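Beneath this line is the structure, given in structure tokens, with notes to follow.
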Amino acid sequence: MTEANDLPYLLRVARGEVVKRPPVWMMRQAGRYMKVYRDLRDKYPSFRERSENPDLAIEISLQPWQAFQPDGVIMFSDILTPLPGIGIPFDIIESKGPIIDPPIRTQAQVDQLHALDPESSLPFIKTILGTLRKEVGNQSTVLGFVGAPWTLAAYAIEGKSSKDYKVIKQMAFSEPAILHSFLDKIAEAIAVYVRYQIDCGAQVVQLFDSWAGQLSPQDYDTFALPYQQKVVKLVKEIHPDTPLILYISGSAGILERMGKSGVDIVSVDWTVDMADARQRLGKEMKVQGNMDPGVLFGSQDFIKERILDTVRKAGQGGHIFNLGHGVLVGTPEDNVRFFFETAKQVDQLL
């Protein structure tokens, strides 16, 4: 039996232990702001190759670990990665983002989708997560991640990134039965995928429902929340002790609803004051976040001030320090280094 204090720091906090400082990692900590990543991208221009070739995905996942020693190392992947495994092919064009052609628009297309068998369709995930666990040992927590049903449905139905989500909203409000049957199938597949990631070594898994912030609260309750809850329920039946995090961009209007999803930790974006978030979610709910990633373009004194402000507002215990969104392209690497160094000494600075 592993002693609690032998477990990695972030995992201990995610499970409810109170420690001297909040653990720290960054969404998108492996990526284009790092020169080593850009050099690798120039050599391997296909995003899918970088995220699905185990050697490359492992190397990229470990780049921020080697540079900054964050308390969390997240698998380098994409939220769309499991879709071909249920019958939805996609491609990622470097300047345009994901393309799904043909997009899902009819009940007949939904009916043709099949269950996810990750062992056969996503075998590289086992290699990536297993190797990351070996590489970081108990020095850091290995995180898996998935897209939540509404957001994956938005990509699959729109066929690409969208500014107004007109196509999926048209389906939601004129043919809701098609959308509900699609969301249900995605929820089952994502639950299988999360369980597989945990089986392969993920110690914490983050669900990204990036586009659920585009929904009104009543539509969130209809089209996003029930399917988040289904994923969480199916995962917790098999892995009750694995902490789950939910992140939504632009979530100020639905924050309390996120707390009803069943996850252990709500990742708060920077548009919500952290003290308000803690009050709105209740003291039992753990939180993650939520410094504005734009702060990392400021002076080091300013960055330090904002780190301390966020940690102070989050209060004692139940907080994983992070940005309120992914780190931005062009962020100075020295400022990222300073962010991690400062966050790791925060108990001495407050």
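Glycine is no exception: its Cβ is also placed from the backbone N, Cα and C atoms.
The number of other Cβ atoms within 10 Å of the Cβ belonging to A30 (substrate binding site), over all protein chains shown, comes to 25. Residues annotated as substrate binding site in Swiss-Prot: R28, Q29, A30, G31, R32, F47, D78, Y155, S210, H325.
Note: D78 (substrate binding site) has non-local neighbours F47, R48, S51, I92, P98, i.e. same-chain residues 6+ apart with C-beta under 8 A of its own C-beta. D78 (substrate binding site) falls outside any helix or strand according to DSSP and counts as coil. Annotation comment: Swiss-Prot describes D78 as site 'Transition state stabilizer'.
S210 (substrate binding site) falls within a helical segment according to DSSP.
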